[in-house]
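As written in TrEMBL, here are the features:
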- Glu178: active site, proton acceptor (ACT_SITE)
- Tyr266: active site, proton donor (ACT_SITE)
- His177, His181, Glu200: Zn(2+) binding site (BINDING)
- 352-496: domain 'Peptidase M1 leukotriene A4 hydrolase/aminopeptidase C-terminal' (DOMAIN)
Amino acid sequence: IWWLDPELTYGNAKPFVFTQGHSVCNRSFFPCFDTPAVKCTYSATVKAPAGIQVLMSATQSTYLEEEGVYQFYMEYPVPAYLVALVAGDLIHADIGPRSRVWAEPCLLPTAISKLSGMVERWLTAAESLYGPYIWGRYDIVFLPPSFPIVAMENPCLTFIISSILESDEFLIIDVIHEVAHSWFGNAVTNATWEEMWLSEGLATYAQRRITTETYGAAFTCLETAFRLDALHRQMKLLGEDNPVSKLQVKLEPGVNPSNLMNLFTYEKGYCFVYYLSQLCGDPRHFDSFLRAYIEKYKFTSVVAQDLLDSFLNYFPELKEQCVESKAGLEFERWLNATGPPLAEPDLSQGSSLTRPVEMLFKLWTTEPLDSVAAASCVDLTKWRTFQTVLFLDRLLDGSPLPHEVIKKLSECYSSQLDSMNAEIRIRWLQIVVRNDYYPDLYKVRRFLENQMSRMYTIPLYEDLCTGTLKSFALEIFYQTQNQLHPNLRKTIQQILSQGLNPLPAIDTTAVTTDTPAMVLEDKVSEATNGAISLRDVNVSA
């Protein structure tokens, strides 16, 4: 349960509270069987002060104004982690026949402009693929920057971090991913957190089928290329033999399942589902199977064998061909082998968007650097966001770059990138930090002074502390820590404390503007695990 003082909201007017149940946190919210294997309906009574709007992930709600009491009821069985509550200075606007958006008053116009009419388009596309949307309403609430992940698929009420509003393409993908969870994850749920890919891999596949229907195959292939790049980057960090790269990962006693949220869950899971779809020959045949799978298992929890048995029974000709035992691509190997996916999708339909990225990257990384003139003619403002972040991510992978290259990159693109969204700017600033490019460091400071969200602060602090700029990081943190949520502040303190002699704890209640208040916590193993996942993927649950 996250309690926020008014200063941690956008409007700075009223306190705010939200819950985040995924994956095993709702046991601290209410007594429950906190496992995805158990589903039930629920009702709730919530009393709140006047002027505070309360919302829950429920199909029905009423409000008794004279008593300040809200009543909620979820009529369909859900696992405990999908029970969610949010309360604060929230107002709404309808954006479709079964959708409305909730946000703080200062954010609502932006949310309306970005999403009006869009959600219904995505829901309709999803229904054409996977059958009726069974939850009634699909509403969205935008949360303050303290929200610890990007998005959460709470039924009837998707939670999304407000910070993503400025990045249109990421907003589209994140909302569509949560829409897909209405079928895969919410209606049919993984029975154990050891098989989280049953939710995330299928939702990612469905998300890409929806984007292909609504935005075309080229855009979908571009987004997929960007994510698979990130998967291979995470593979290098973790090592190919790391057990967390399995789809059926073993959950040791005492380990928080959220620590297993990584790109393998999403992208290796997606690759397996995509492989299954290719066995059918036509993706529309696989869509038909998934409709039948949803109808058979909705409101229940399943294991991988349920999905695979249903698949083979639906396609008896594939069962006769023993596709589950095909050498090198055995279903069992997909589930239990460490390392990268056994097969990856053909992304050639995205070449019109990915080829310019590859060509520009090659111009900047081929020695001698005599092609700057050609490279500088490329106007990144004309590119899609996913093209630009794919290009910048590949430059990040190659950092540190020769000084002459980073200098020319800055001359060509820095002013263009300044006006772009935060997903792009953070990547350029990470390049600046990893290359110790001092002329642009003031932009890093300015960015961190204006960011309060985990996904835009942690990666920069990690890079600052990995290199020679830790004192610069400490200085920025001292100046900005009071605008950060205590949980985020603690995580950054853990990053800053690595390699330092423990500093004395300072009473933060008696801090003056001249005193750097910093309480350095003992390092915990989660800090390292979190660093790897946060650097490489903005997690949408």
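Placed from the backbone N, Cα and C atoms, the Cβ positions cover glycine too.
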Within 10 Å of the Cβ of Glu200 (Zn(2+) binding site), how many other Cβ atoms can be counted across all chains shown?
28
Rounded to a whole angstrom, what is the C-alpha distance between His181 (Zn(2+) binding site) and the residue listed as 'active site, proton donor'?
12
Using all protein chains in view, find how many other C-beta atoms are within 10 Å of the C-beta of His177 (Zn(2+) binding site).
25
Can you work out the mean pLDDT of the predicted model over the domain 'Peptidase M1 leukotriene A4 hydrolase/aminopeptidase C-terminal' (352-496)?
94
Tell me which of the recorded positions His177, Glu178, Glu200 ends up closest to Tyr266 (active site, proton donor) in space, Cα to Cα.
Glu200
With DSSP helix as H/G/I and strand as E/B, how many residues of the domain 'Peptidase M1 leukotriene A4 hydrolase/aminopeptidase C-terminal' (352-496) fall in helix, strand and coil?
114 helix, 0 strand, 31 coil
Calculate the distance in Å between the alpha carbons (Cα) of the residue listed as 'active site, proton acceptor' and Glu200 (Zn(2+) binding site), and round it to a whole number.
10
